[in-house]
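Notes follow the structure.
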């Protein structure tokens, strides 16, 4: 370690210039970062559900529907009807929208003099403006079950516009254009926007908002904490400079690798700002310990780095392991990318800290010995008093820890799982209110899609579609089923009086002839590929458990009724969410196992003792149980963000144990156990306390995030740091006080 420290100080100018050049280059690249909130794009393309989902999008003009609900007590007035006609026309001609269905252009199937007539519900050339015409329109809407809950609410107070987004379009750009159009043209009605495109747009905006708002707030909070802790400019500037450079490098590398910010990777800047500061703080703390020595600042910087380089390196490695474990635990690309770039960011934070901090400290002018500031003395006094209490009442500490563990274990049984997009937003957010209204009036925005392979003009295939649709209608929480079979049945009823699928191919062809060219039909059938589509909606906030029950029933039906003439394939966002949940659970289990085993091995190597390794990992195990217990007790669900906390907490939390044990090993080689513990608590314990405050202050800032999972993530990581600090100081000290045998090797005295 001495050689590395000497090398860094000897070539400090060259290293500093290289860091500056790299930072300027990657900083320029970092400005090009983009945002992609679409979860589906991060699933493996080979997954059967994803393949079917993409096929539906390709063959039926898209698979994402932007939903616009127009609510007004004066909905059926000439002015608003004219506005709706104009809006429908504008949306139909908007680039990126493949089709628009609403009460203006939905088909109206009627009988005139015994013949079937198919026309638009509202004639753009003859807009209803008289009371009689408007009443007639309302009556047609009210009496046709195809319209209720699809294009109009049951009370006729809310109209729905369904815009299908083209597969190859820029979805966010299309949604932005829709929002601008609505803002310009609909001031007299209340507009609610929902569906996956609007949810993704809101997530994208929230990611941008959170980064712009949270990073400056976090930096300010960290400045205050560091200033209060060190009472010096270097104590503030060096940790912040190190993590800022590491953030710039990480984002720059992301851009060069062609990656974008997601709902996970937008955490990385905040994560690094909070976690990456630990390496600088431990180097600074050691430098402060040496400030009364009669050596130059250059020598102090070299000695400080030499002393803490190993524990800082091991701390960085264990933190990286926590992130790297996501590579093996998840087939979900977004989680794997988060693991890669977070671990890369931690590596950068470590490298920059061990280079920048000692280099800058070595350039400080040599002055007379510094006296401790009043605040530093006060902090040291409080910590020394606390340390005395810990050492005197070790068994009490262990009893308290045991009680906390029991309560936490009970809490773990109450953990719930959530993967819904709508759960990303607070109850009072605009998008959440929109989804609630859409669920209430139109059955929800989460679409189930059943791709039907078979000739849509074949009576047998149509009957199977009709039977399947009727089966869906019998399932609780499945709403607004629709398919080409509905229209054929309605037309046949007008012709023959029978509400069934005709058995004759000729009759089907005659009915089909009348439907040719209708935009609505293109959303239901693809004659070129002999395919049809059955769609149904689920409540966006339907629990994962209920969604799984529904999907299981549908898959069982598909298994029984698929045959040579007709095959069914289930897809849609509810299935994507189930896949996401499975990935989260799998990721959680595998990443925890990998992280735990890897960290245990490192602790055994560090302590040179199997028992010592087990004792060293006790604080991590305690923290892990504490986190999951808190999740259950305060109703924080396991979602895409909180699922990461377990492995991250192991990687971050072990840092404190490493620093504590490494310092204790050095102290115990020179003196008795109690004195060694006291010295460790008064030095490394102080650094742990300061770092805990910095990290907690950083992650507490996440409570101001727009996205709810980020708020939960911030709360849990803050609890992680409290648990880890408590474990490394109180629990480890209590264990070491309680056991008589010295489990650590004496050879460390010569290090």
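The backbone N, Cα and C atoms fix where each Cβ goes, and this holds for glycine too.
Quick caveat, the model's predicted, so the values are computed rather than measured.
As stated in TrEMBL, the feature transmembrane segment covers range 305-328 out of the listed 161-184, 185-208, 305-328.
Per DSSP, the domain 'SSD' (613-738) is made up of 111 helix, 1 strand, 14 coil. Among residues of the same chain six or more beyond the transmembrane segment (340-364), those with a C-beta under 8 A of the stretch's C-beta atoms are 5, 8-9, 12, 15-16, 19, 234, 238-239, 241-243, 245-247, 249-250, 253-254, 259, 265, 268, 271-272, 275-276, 279-280, 283-284, 287, 297-298, 300-302, 304-305, 309, 312-313, 316, 319-320, 323-324, 327, 648. Tertiary proximity for the transmembrane segment (7-28) is limited to same-chain residues at least six positions away from its ends with a CB under 8 Å from its CB atoms, namely 245, 248-249, 251-253, 256, 298, 301-302, 305, 352, 354-356, 358-359, 362-363. Put simply, of 237-257, 305-328, 396-415, 614-634, the stretch with the most CB pairs closer than 8 A to the transmembrane segment (263-284) is 237-257.
Of the recorded ranges 213-230, 396-415, 614-634, 640-661, 688-707, the transmembrane segment (589-607) has the largest number of C-beta contacts under 8 angstroms with 640-661. Fewer than three CB pairs closer than 8 A are found between the transmembrane segment (305-328) and the transmembrane segment (688-707), and contact between the two stretches is not assigned (pairs 6 or more residues apart).
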